[in-house]
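Peer 1: So TrEMBL lists the following for this protein:
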BINDING   Cys112, Cys117, Cys140, Cys143  Zn(2+) binding site
DOMAIN    10-100  domain 'Aspartate carbamoyltransferase regulatory subunit N-terminal'
DOMAIN    105-150  domain 'Aspartate carbamoyltransferase regulatory subunit C-terminal'
Amino acid sequence: MKEQKKKLKLKVSAISQGTVIDHIPSENLFDVISILELDKTPNMITFGANLDSDKLVNKAIIKVSNQFFENDEINKIALIAPHAKLNIIKDYEVVEKKVVEIPDQVVGIVKCFNPKCITNAEPITTSFSVISKSPVALKCKYCEKITNESQMVIK
Ligand code: CTP
Ligand code: ZN
């Protein structure tokens, strides 16, 4: 069983320097890539989806070589990958592990649930204050309506 697990891990090769973002729900992999602007990075990225995990039935992993993220950047993915774990890799070794935290403000990323909100009519970046983190509740800065966890749609 242990050998089998090791083989699974090796499906996406190890990196020498950079960041490994593990335990992403597979269905949100491409949203995470877009939120972190990895579609624009010049650095090498490798990723895998639908991998087995003890915690998630379907997890995805992203490995970004030679790139390290600020906490406020990485916390942007907390809404869609709340259990994501970051591993900072230097000389092939994991030198630090970080978890993501839901920030106090959410800019962009999600849609306002209110169909009449101006952000749904015009190309305006959404902006919310987080009034509850568990379960998530976001208060729109434009219309003041609440979007809760079950109503959250990625913009
Ligand atoms: N990793 C990598 N390149 C390295 C070292 C590690 O891509 N040079 C990846 C591993 O494949 C793994 C993650 O970084 O997906 C974390 O590595 P490690 O802490 O060794 O694995 P676990 O103990 O399984 O971590 P956790 O229990 O936190 O998931
Ligand atoms: Zn609104």
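Don't overthink the numbers, they just go from 1 along the chain as shown.
Quick reminder: no glycine exception, Cβ is built from N, Cα and C everywhere.
These numbers come from a predicted model, not from an experiment.
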Peer 1: For a quick check of understanding: among the binding-site residues Cys112, Cys140, Cys143, which residue's Cβ has the most other Cβ atoms within 10 Å?
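Peer 2: The most densely surrounded of these binding-site residues is Cys112.
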Peer 1: Can you break down the domain 'Aspartate carbamoyltransferase regulatory subunit C-terminal' (105-150) into helix, strand and coil residue counts using DSSP?
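Peer 2: Taking the domain 'Aspartate carbamoyltransferase regulatory subunit C-terminal' (105-150) as a whole: 5 helix, 19 strand, 22 coil.
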Peer 1: Under 8 Å between C-beta atoms and at least six apart in sequence, can you list the same-chain neighbours of Cys117 (Zn(2+) binding site), or say none if there are none?
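Peer 2: For Cys117 (Zn(2+) binding site), the qualifying residues are Cys140, Tyr142, Cys143, Lys145.
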Peer 1: Taking helix as H, G and I and strand as E and B in DSSP, count the residues of the domain 'Aspartate carbamoyltransferase regulatory subunit N-terminal' (10-100) in helix, strand and coil.
Peer 2: 17 helix, 35 strand, 39 coil
Peer 1: Determine which residues of this chain, when Cys112, Cys117, Cys140, Cys143 are set aside, have a Cβ within 8 Å of the centroid of the Zn(2+) site's Cβ atoms, and list them as they appear in the sequence.
Peer 2: Phe113, Asn114, Lys116, Ile118, Thr119, Asn120, Thr126, Lys141, Tyr142, Glu144, Lys145, Thr147
